[in-house]
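Peer 1: Attaching a single structure in C-alpha cells format; questions to follow.
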Amino acid sequence: MSESVHTNTSLWSKGMKAVIVAQFLSAFGDNALLFATLALLKAQFYPEWSQPILQMVFVGAYILFAPFVGQVADSFAKGRVMMFANGLKLLGAASICFGINPFLGYTLVGVGAAAYSPAKYGILGELTTGSKLVKANGLMEASTIAAILLGSVAGGVLADWHVLVALAACALAYGGAVVANIYIPKLAAARPGQSWNLINMTRSFLNACTSLWRNGETRFSLVGTSLFWGAGVTLRFLLVLWVPVALGITDNATPTYLNAMVAIGIVVGAGAAAKLVTLETVSRCMPAGILIGVVVLIFSLQHELLPAYALLMLIGVLGGFFVVPLNALLQERGKKSVGAGNAIAVQNLGENSAMLLMLGIYSLAVMVGIPVVPIGIGFGALFALAITALWIWQRRY
C-alpha cells in the first residue's frame, strides 16, 4: 500500500524506525562479512596478497555501477530498492556460506551495496524534512558507526570460534535488513519515467564529474576525501598482516578491535571539526591530514598492544577532523553546481577509485614479498607527502 509523504512525519515513525534498523543490520553485515571472509581466506590458505583483492572486487562494483545507481534509486520506491539491494547482499553472503567462490559472493555483496547507497540517503528526505531531516541524518550516521564497531568485532570474534558461524551471522543480518525494509512505506518514485539509455546516463554522469573537477574547491575536496578513504581501507588490510608480525597475535579478533579504535576516533574528530572548522576555514583541517601519515609511520614501528590502540585512536581523531570539513565543502558547492545527488555519486566514484588503486599497490607490495612493517612506514610517509602536495596545490589555486 502506498503512503503519501508528510512533511511533519514523526522522527520515530514506523517507516523511519524501519530505515534505521535496516541500515544498522545492513552495515553490520557488511563489516562482519569482511572479517569473516578474510578468516575464510586464511583458513583455506589463500595467499596473503589475495586479501586486498577481496575489497577490490567490492569497490569495483561501486565504480562499474556509479553512473546508474542514482537513477535506479529515483525511478522506483526507495524502500523497495533497499530491499532488493539487501537481497543481493543476502545472496552473496549465503553463497559464501555454501562454498561458492568467496570472491564471487563478495562481488554480489558489492553490487548490492552500490545500489543501496543512494537509496538509503535519499529516502530520509521523503520520510521527513526540515530540522527533523538533520536529526534523521544524525540517526543514520549513529546507526552506521555502531554497526561498524559491532560488526567488525563480531566478524572477528565469531570467526575465531567458527568461520561458518560468522558467515551465517552475516547472512542472518542481511535477512533481517530485508525484513525491516518490508516495513518501510511504499512511497512514490521521485523521478519515474526517466530514459534508460545507458550511453546518455553515462554521458550525464561524466558531465557532472567534469563540472566538479573544473571547480577548484570541489576538486580539492574530491582529491582529499578520496585519498583519505583509500588510505583508510588500505589500513584495514595492513592491520590484518601487521598484528601477527608486530604483536605476535594470530587470532582474527585483534585486528577488528584495532579497527574499532579508528572508528571511535573518527567520531571524536568529526565532533571537533564541527566546532572548530567552517566552510571559510577548511584549510585548518590540512595539518591533521598530514599528521595522519606521520602517526601511521610511528604506529608501524610499535610492538606493544596498548600504544597501538592509542595511536590508532589518534589516527581516527585526525581523520575525522580532516575529512568532515572536506565533505561539507563538496556537498555545499556541489549542490549549487551539479546537485547534491550527483556530487555524492561523483564523490563515491573518486573514493572507490582511490581505494582500488591503493589496494592494488598494497596487494602488489605484499605479492613481491615486501615485509608488512616497511609497507606501513612507506604508506604513512607517502600519505603525508600526498596531503602536503594537495595543500600546496590548494593554496596556489
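Glycine is treated like the rest: Cβ placed from N, Cα and C.
Pulled the feature table from Swiss-Prot, pasting it below:
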| type | residues | note |
| --- | --- | --- |
| TOPO_DOM | 1-17 | topological domain 'Periplasmic' |
| TRANSMEM | 18-38 | transmembrane segment |
| TOPO_DOM | 39-52 | topological domain 'Cytoplasmic' |
| TRANSMEM | 53-73 | transmembrane segment |
| TOPO_DOM | 74-90 | topological domain 'Periplasmic' |
| TRANSMEM | 91-111 | transmembrane segment |
| TOPO_DOM | 112-144 | topological domain 'Cytoplasmic' |
| TRANSMEM | 145-165 | transmembrane segment |
| TRANSMEM | 167-187 | transmembrane segment |
| TOPO_DOM | 188-226 | topological domain 'Cytoplasmic' |
| TRANSMEM | 227-247 | transmembrane segment |
| TOPO_DOM | 248-256 | topological domain 'Periplasmic' |
| TRANSMEM | 257-277 | transmembrane segment |
| TRANSMEM | 281-301 | transmembrane segment |
| TRANSMEM | 305-325 | transmembrane segment |
| TOPO_DOM | 326-343 | topological domain 'Cytoplasmic' |
| TRANSMEM | 344-364 | transmembrane segment |
| TRANSMEM | 367-387 | transmembrane segment |
| TOPO_DOM | 388-397 | topological domain 'Cytoplasmic' |
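For the listed features, I'd like the structural context: burial, neighbours, distances.
Peer 2: Helix, strand and coil content of the topological domain 'Cytoplasmic' (39-52), in residues and according to DSSP, is 8 helix, 0 strand, 6 coil.
For the topological domain 'Periplasmic' (74-90), the predicted model reports an average pLDDT of 91.
Remote same-chain residues near the transmembrane segment (145-165) are listed as 23-36, 38-40, 43, 97, 173, 251-257, 259-260, 263-264, 266-267 (criterion: CB distance under 8 Å, separation of at least six residues from the stretch ends).
Long-range contacts of the transmembrane segment (167-187) within the same chain: residues 1-5, 14-15, 17-19, 21-23, 25-26, 28-29, 32-33, 36-37, 40, 77-80, 82-83, 86-87, 89-90, 93-94, 96-97, 123, 126-127, 151, 154-155, 158, each at least 6 residues beyond the stretch ends and with a Cβ under 8 Å from a Cβ of the stretch.
Under 8 Å from some Cβ of the topological domain 'Cytoplasmic' (188-226) lie the Cβ atoms of residues 2, 4-5, 66-68, 71, 73-78, 122, 126, 289, 322-323, 326-327, 329-330, 333-334, 337-339, 342-343, 345-347, 349-351, 353-354, 387, 390, 393-394, 397, all in the same chain and six or more residues away from its ends.
Same-chain residues lying 6 or more positions outside the transmembrane segment (227-247) and placing a CB less than 8 Å from one of its CB atoms are 34, 38, 48, 51-52, 55, 59, 254-255, 258-259, 262, 289, 292, 296, 300, 302-305, 308, 315, 319, 322-323, 326, 351, 354-355, 357-359, 362, 366, 371-373, 375-376, 379, 383, 386-387, 390.
According to DSSP, the topological domain 'Periplasmic' (248-256) comprises 4 helix, 0 strand, 5 coil.
Residues 224, 227-228, 231, 235, 242, 246, 269, 273, 308, 311-312, 314-315, 318-319, 321-326, 329, 373, 375-377, 379-388, 390-391, 394-395 of the same chain lie 6+ residues outside the transmembrane segment (281-301) yet bring a C-beta within less than 8 angstroms of a C-beta in it.
Long-range neighbours of the transmembrane segment (305-325) within the same chain, counting only residues 6 or more positions beyond its ends whose Cβ lies under 8 Å from a Cβ of the stretch, are 224-225, 228-229, 232, 235, 246-247, 249, 254, 257-259, 261-274, 276-279, 282, 284-286, 288-289, 291-292, 295-296, 298-299.
Secondary structure counts, DSSP: the topological domain 'Cytoplasmic' (326-343) has 16 helix, 0 strand, 2 coil.
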Peer 1: What else in the chain is close to the transmembrane segment (367-387), if you only count residues 6 or more beyond its ends and a Cβ gap under 8 Å?
Peer 2: 47, 49, 224, 227, 231, 234-235, 238, 241-242, 245-246, 286, 289-301
Peer 1: Can you work out which residues elsewhere in the same chain, 6+ from the ends of the transmembrane segment (91-111), have a Cβ less than 8 Å from its Cβ atoms?
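Peer 2: Same-chain contacts beyond the flanks: 29-30, 33, 37, 40-41, 53-54, 57-62, 65, 164, 167-168, 170-171, 174.
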Peer 1: Sort the residues of the topological domain 'Periplasmic' (74-90) into helix, strand and coil with DSSP and give the three counts.
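Peer 2: Looking at the topological domain 'Periplasmic' (74-90) with DSSP, the answer is 15 helix, 0 strand, 2 coil.
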Peer 1: Counting by DSSP secondary structure, give me helix, strand and coil numbers for the topological domain 'Cytoplasmic' (188-226).
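Peer 2: DSSP composition of the topological domain 'Cytoplasmic' (188-226): 28 helix, 0 strand, 11 coil.
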Peer 1: Should anything in the same chain at least six residues away from the transmembrane segment (53-73) have a Cβ under 8 Å from its Cβ atoms, list it; otherwise answer none.
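Peer 2: Same-chain contacts beyond the flanks: 34, 37-38, 41, 81, 102-103, 106-107, 109-111, 113-115, 117-119, 122, 190-191, 194, 196, 198, 201-202, 204-206, 233, 236-237, 341-342, 345, 348-349, 352-353, 355-356, 359-360, 363.
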